[in-house]
Amino acid sequence: MRPSRRAPDELRAVSLERGVVKYAEGSCLVKFGDTHVLVTATLEERLPPWLKGQGRGWVTAEYGMLPRATLERTRREASAGKQGGRTVEIQRLIGRSLRAAVDLEALGERQITIDCDVIQADGGTRTASITGAWVALADCVNWMKARNMLKAGVLRGNVAAISCGIYNGTPVLDLDYAEDSEADTDANFVMTGEGRIIEVQGTAEKVPFSDDEFLALMALAKKGVARLVDLQKMAVA
């Protein structure tokens with residue numbers, strides 16, 4: 001039995017609320033159970049120097065956690081003078097994941113910056129961030145379309161992410177903190193709306209896992225991502 005009493009293939013309660021920040025070109029408040037992330041998408045008419053003159057744009061991401069997003073206060077990274085390795089890893093993952101869904105040439109020579117700020121953390125902050133970031137990105141693209149800033153479609157499709165793990169010997173979907181901290185294995189899957197894989201991160205925390213166990217996790221992830229994509233489509237409709 002999972003601590004949350006969910007079925008092995010059951011997501012937490014998920015909500016995707018679009019347009020929550022009036023100043024941003026795109027925004028989304030995403031909730032996976034008690035994990036809440038505020039995501040904004042900012043359009044910038046500038047590019048990294050190494051991309052200038054190439055006729056294509058860029059999508060990048062930044063990620064951070066509020067000090068009391070966690071059970072005990074976490075020191076702000078700004079006060080330490082540098083970002084932690086985990087933060088850098090997650091924001092690069094978010095950027096890579098979103099670029100897989102974007103036609104950068106159709107975007108033109110401009111940049112969209114995604115900011116993911118974790119308000120409350122209860123496991124799965126990176127997967128919630130990616131899922132909500134796609135909604136904020138789509139919101140931003142629609143903002144651009146409404147102003148005739150785009151000549152062609154920019155988004156190739158949906159991108160969503162979900163965690164899976166082996167908890168008490170059972171493959172389960174969408175781990176919360178209680179499960180993640182005790183799981184034998186945990187993995188994060190980033191996929192397209194068609195179920196194609198963008199990235200997989202998997203670790204045997206306690207016990208190495210077999211091919212069959214990995215395939216069971218991937219099957220769960222595909223089901224979970226399909227549900228998340230349905231919610232994304234409803235959010236941007």
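Quick reminder: no glycine exception, Cβ is built from N, Cα and C everywhere.
Among R73, R75, R76, R86, only R86 appears in Swiss-Prot as part of the phosphate site alongside G124, T125, R126. There are 24 other Cβ atoms within 10 Å of the Cβ belonging to R126 (phosphate binding site).
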